[in-house]
Amino acid sequence: MRTFLFIIAFPLVVFSQSSFEKGKKAFEGGNFKQAIPLFTRALENEPSDKMTRDYLGQSYARVQRWEKSSEVNKTLVEDYPENAEYHFRYGGALGLVAKEANSFQALSLLRDVKFHLKKAIELDPKHIEARWALLQIYLELPGIVGGSESTSREYAAQLQSISPVDGALAYGYIERELENHDKAEVFYKKAVDLGQSVTTYKELAELYKRTGNEADYFETLEIGIKKLNSIALASAYVESALRLNRNKQKALEILNTLTPAELNPGSEPRSGSSEEIEKLNQLKSKLN
């Protein structure tokens, strides 16, 4: 009888493992919509599996299905209450559910959002992403429902002490949202000097975009592309050139300087030079 039960159960285990591995492969390849049903299928046979839930929650987040992501992450928080990352993911997903909800529903969720983000910081005192989320929440909320510019700046100061680049980006973000554009520019330029990353160049460029400074916008992206050999920045340049009907020839020249096989691994996620070449060709075709 024991042998018979093993024979019956074994295919289910293999099937579950196969679904998980396929889902993981799809996730790592950026195919999050494809990964979701595979992880869901794996959970049908192993409902309490930690890593399957971990990947499923992240997959839902990547396709902006915040309610589903929050449901999965809630189970992880309940089973692993000392895991800072799960509190961050749950609080963050709930926050984005609240952002899309009506005012009454949003207010009912905010207490849990703040609790879990703060719990993430309590469990991991250097948790950068949780501080970023709280900074944005306190800055965006009206004071009457718990918003606070001063609290937002406190989180920026904490980020500064953990990571000077994040600190500069945080202060730049606050000043940009408050439309103190000159101050924001100072902080974003500092972030670029310190970080030299795709994110820092993108944020400085976004400031120029919001203020209608097209010349500095394109120049910032161009400098970042040349220094980082970044397809992500090149894509932003091309899309803006097409939208504004400007600098299209320059955009094509910039694309021709990129070398996919030698892309800086630190500048953006890599999935192989063949995919990088395909992305470059897609961008070039838009300009022709």
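Positions of Cβ are set from backbone N, Cα and C atoms, glycine also.
Since we're looking at a predicted model, the values are computed, not measured.
Sequence annotations record features per position, and here TrEMBL assigns repeat 'TPR' to 16-49. Mapped onto DSSP helix, strand and coil, the repeat 'TPR' (16-49) counts 27 helix, 0 strand, 7 coil.
Here TrEMBL flags 260-288 as region 'Disordered'.
If you look up TrEMBL, you'll see 265-274 marked as compositional bias 'Low complexity'.
Looking only at the repeat 'TPR' (16-49), the predicted model's pLDDT averages out at 89.
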